């Protein structure tokens, strides 16, 4: 049905004809100059129950445009939308937002006009555009512009790709202003005829440089920074990144808390507003709990007996090509390979991303990108070789996104002879995986647990749950699940030392916490009301 936005917009905009236009050095909405003050909230990084809270905080900061996909809610709150539908979105998310099943095709060429990729994009656009086309500005909705792909100039494998994406959008009914978005490395190659170029920057120096270039190639057109990076991401084992000028050191924290950047930005944008800004919503409450000791445990080796039969294969199969999940392969989690060996020697292979090697249940080391060989010690007779491989995430940016298959890639060699006859367990650790862990499967925790292992603890909450942060001091490396929700990884190399646990994921009364630990369990599970990073740094 036709949506009614008239109560959300001023009277002079209720008669819509022209939409957002680039005229001279200004953006125009109908016949008036329009300044775009935009911001992004990643819906996949915020619990659904908090989407409205984050958008209200965005509007209270003085922003008038949202550059992600909460289209209906944005309209209700009174925000315009610049739709950025990808299919590639970067965003420091797995494979830049592309589904891993695309990599089942050994010849796949992502972000090109390769037939296997464009068929998937066409299907995706068919479904998505049928939903968003009616929500465009000229149809009475909040979408004032649409971005064509994302930072393609820094990739640029196929000159025909961006014109294909532009045509795919227009053929499906997109009629609003089209934009591209590129950083300094890709701006020249990322431009498309008939599409306004926007820029992504981090410094004033980059802004000046790119403005000068845009003037030389686009002439006098409105300038827009599509992405101004307020922070930067962290990598395991490195220091926490802070910029003065995500969690990223962003304007709002992962938990939606205000920062000094928010206050400064609100003060600045408020000075440009004709009317007082709405008051910021109250900060969400936090709570903490007494430390919990794990109650029960089950080793991974015991779990194998009740999660279903393994896949048998003459050669290793990578994660994406496993015949699971209705033919879509395995996207995330772990994968376990087993085979029989009869001699010691040098084990060699490509493990993506990190593989713990076992002789039966005894760990003998790790293989990863840097360590591609490991010595198998002397053994007696036939011995079970196991490799537990963790998918640590597919890269989101760069020239090697086609090379992001996980697990064992190709053959595994012992003394240069390819090993055969594998049993492969898909350990995706989704909700249905843990549904097999019935009460009788859990055991009391022994004095010396066998790792890797799952640990169970119950958390009772007497009042209405609020946000908290979970801290695993003394634990080494693994993943935490709360009431079936994957909370995230932890790793004692830092810098992250806490995991944000949203209140909506907790129940009043009883909650289940399951920890999969690869190497060494700590004594307790701790809770805090403050997020903490190593090197004496708090996320604020």
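Glycine is no exception: its Cβ is also placed from the backbone N, Cα and C atoms.
Annotation comment: TrEMBL describes 151 as active site, proton donor. If you take the C-beta of residue 151 (active site, proton donor) and look for same-chain residues 6 or more apart in sequence within under 8 angstroms, you find 90, 181, 182, 183, 186, 190, 200, 397.
Positions annotated as active site, nucleophile by TrEMBL: 227. In the structure as shown, the Cβ atom of residue 227 (active site, nucleophile) sits within 10 Å of 21 other Cβ atoms.
What TrEMBL lists as domain 'Glycoside hydrolase 35 catalytic' is 27-68 (among others). Nonlocal intrachain contacts for the domain 'Glycoside hydrolase 35 catalytic' (27-68), taken as residues 6+ away from its ends with a CB within less than 8 angstroms of a stretch CB, comprise 12-13, 15-21, 74, 77-82, 84, 91, 93, 144, 147, 222, 224, 226-227, 251-252, 254, 256, 258, 262, 265-266, 268-270, 272-273, 277-281, 284, 502, 504-505.
What TrEMBL records for 69-242 (among others) is domain 'Glycoside hydrolase 35 catalytic'.
Summarising the annotation, TrEMBL assigns domain 'Beta-galactosidase 1-like first all-beta' to 329-428.
Mean pLDDT for the domain 'Beta-galactosidase galactose-binding' (452-511) in the predicted structure: 96. Among the features that TrEMBL reports, domain 'Beta-galactosidase galactose-binding' is placed at 452-511.
Residues or ranges marked as transmembrane segment in TrEMBL: 61-83.
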Counts of helix, strand and coil residues, the domain 'Glycoside hydrolase 35 catalytic' (27-68), according to DSSP: 16 helix, 9 strand, 17 coil
Summary of DSSP states over the domain 'Beta-galactosidase galactose-binding' (452-511), given as helix, strand and coil counts: 3 helix, 35 strand, 22 coil
